[in-house]
Amino acid sequence: MSTAPGPGARGDGGEHPRHRLEQPLLHAVRFSIVATLSASEMAEFAFVRDTVEVSDSVLSKQVAVLENAGYVSVLKGYAGKRPRTWLRLTPDGRDAFARHLEALRDIARQGG
Amino acid sequence: MSEPTGSDAARSLADAERIATLVRARTSQNVVSWLAGTAVASAFYLTGVGAAGREWDWIAMLSGLLGTAVVSVTALFFSTDVTGARAQLRRWWRAVLVWLLVLGVALGVGLPLFPGQLWFWLPIAVVSAVPLMVGIALEVRE
């Protein structure tokens, strides 16, 4: 899900990299959640919460947004009797994060 | 939501890298622990098998112990709170497959041809740990 080219797009046929940023990943917490999941195959909810340093409720809310965007899948299960929630980046989420990082690199190179 | 400036973008990239390093350090620790534990168990197992000679009961018991230990530790390995990225799991699998191959060859050759002959079993016990040690080296290098 990319932002559409806006009035700030360059007239030389080259598009400013900000138009390639993924809208859902512009939020700092969502960006950190996806960064955590991109470095793993699957991570438990508590691990992501501790890594991103947010509360359970904030993580739940932002994970729901990412899930609706199709970036993250949520799996629920049990370890013994203890319920556990696992988060994993979908292939679309992985692609979107790679595109977002590429756009950020271009923006950083151009100095904004 | 404002769009990032050049310095915002650089900060986000640094943050992503910091998080990835943190996660990799955690998952690498799990992989290295598994490989190191299995390397030690493998060396002890083959030494034990060599010392057992033709005592098949002992060999069966040692095999059962090794199998139980490896299966239990692997179950723990996959039930930790984070599993490594696909590339890391691929490296781990490769080390496991080569180790199983070496173990199979050692048992297939050693049991019928060199039962109880420690000059064969001691070096092969060390050799069996090599694929796992190489796996550790690759993991640490990454």
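Cβ coordinates are placed from backbone N, Cα and C, and glycine is handled just like the others.
Record features, source TrEMBL:
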REGION    A:1-21  region 'Disordered'
COMPBIAS  A:12-21  compositional bias 'Basic and acidic residues'
DOMAIN    A:29-107  domain 'Winged helix DNA-binding'
Tally of residues which DSSP labels helix, strand or coil - the domain 'Winged helix DNA-binding' (A:29-107): 48 helix, 21 strand, 10 coil
Confidence summary for the domain 'Winged helix DNA-binding' (A:29-107), mean pLDDT rounded: 94
